[in-house]
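Peer 1: Got a structure for you, questions after.
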Amino acid sequence: MLVLQALGSNGSGQLGLGHTDDVSTPQPVLLPSDLFTTTNSNSTEPSDQHPQPKLLSISAGGNHTLLLFSSGILLWSGDPTTGACGRVEPTPPTSADTPGSSPPAPRFRPVDLTPLPEDVRRNVSLVTATWEASIIATSSLPTDKVYSFGSGAKGELGLGPGTLRAGEPTLIPNFPALGTKVVHLAACMGHVVAVLSNGEAWGWGNGRKGQLGEPAVGVVYSPRRIEGVDFKVAKAVCGREFTCLFGPPESGEVLVLGSDKWGVKSQAPKMVKGWKEVGAGWGSVYVLKEDGTLLSWGRNDHGQMAPEDLGRVRAIAVGSEHAMALTDAGDLMAWGWGEHGNCGPICGPICANDGPKGQQNKIASIGPEIKIAMIGAGCATSWIALEKAPST
């Protein structure tokens, strides 16, 4: 059985804990009670015919979070007022005339996907989020489809100049091209990048610093191919004002587009062969290699760069200004800016204006009966997915 835990910033209920207080120790997330049960009305126990859905991804916007499961179920928690959580039933008003009334406790609920064609509602394959918008891709034949919802004054929705808000999943027209698949989605505060099966990268949103390629324009309202890339793109990561494109692990090409603030471009290696996972914060990039080494470059004023004493690393998760690593020793380490408790209890030196700086914490460890199946990080939020190890 999956147990999802979260810690960090929670002022909008984006952790789904049933309250809106920040927390600095991992707390269990509230998931729908029927998420892991079968559709068989005679049984509430998982079966071989109805295997438990696996958590595929954790995507965090500024104040909302999306969870995608292998069953195609997409869940949300956080601030729904931007539209980034899709259509939400209005909350009854709270007043003295209705004693005891209160908004529902923050918890994860299914995203309303009824605006999608019925045959693709359970085929959501990829999810990402900007500050106030959500973008999903669905596996469809012969061409994948991309939908967006939420708010995007800088073109984050990809729906053209006439649409700055979409309260429900809305199809981005004529994208991708016929017969093309979307293999990866990435986003940061104000821009989105999609990697296609033909090796192209397309982007939309804020392009003022050239993070969406040339010409650098303030707003790219619809998907635009990123030109000038001389290799097939396998993956992309997005920072606040930059995009980092990666070629396949066997060739390892690296190209950073956009702002060079914090040296994110000038410090970047031209090639990283054998990469396993990649991630980006607002001003930094991380590359986990197959041999367990973790590379990082960019902003380090809050201790965001990877510590040298991690040892071999199995998995990483990168948030806005912090990161986490699961080590071969079974420890989950967090470091960077942790003012909201996203790096664990605050115990390090404090900057005058910016909270904890350079703090490194062990926030979880693998036990003999529990394994860490996934880790995630967002805007001052951290996530740990635990699974009971199979009995021998």
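Glycine is treated like the rest: Cβ placed from N, Cα and C.
Annotations in TrEMBL come from automatic prediction, not curation.
What TrEMBL shows for this protein is this:
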- 2-71: repeat 'RCC1' (REPEAT)
- 6-345: domain 'RCC1-like' (DOMAIN)
- 9-55: region 'Disordered' (REGION)
- 35-50: compositional bias 'Polar residues' (COMPBIAS)
- 84-114: region 'Disordered' (REGION)
- 144-198: repeat 'RCC1' (REPEAT)
- 199-249: repeat 'RCC1' (REPEAT)
- 292-329: repeat 'RCC1' (REPEAT)
Peer 1: Could you tell me how many residues in the repeat 'RCC1' (2-71) are helical, how many are strand and how many are coil under DSSP?
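Peer 2: Split by secondary structure, the repeat 'RCC1' (2-71) comes out as 0 helix, 25 strand, 45 coil.
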Peer 1: Give me the mean pLDDT over the repeat 'RCC1' (199-249), rounded to a whole number.
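Peer 2: Here the mean pLDDT over the repeat 'RCC1' (199-249) amounts to 98.
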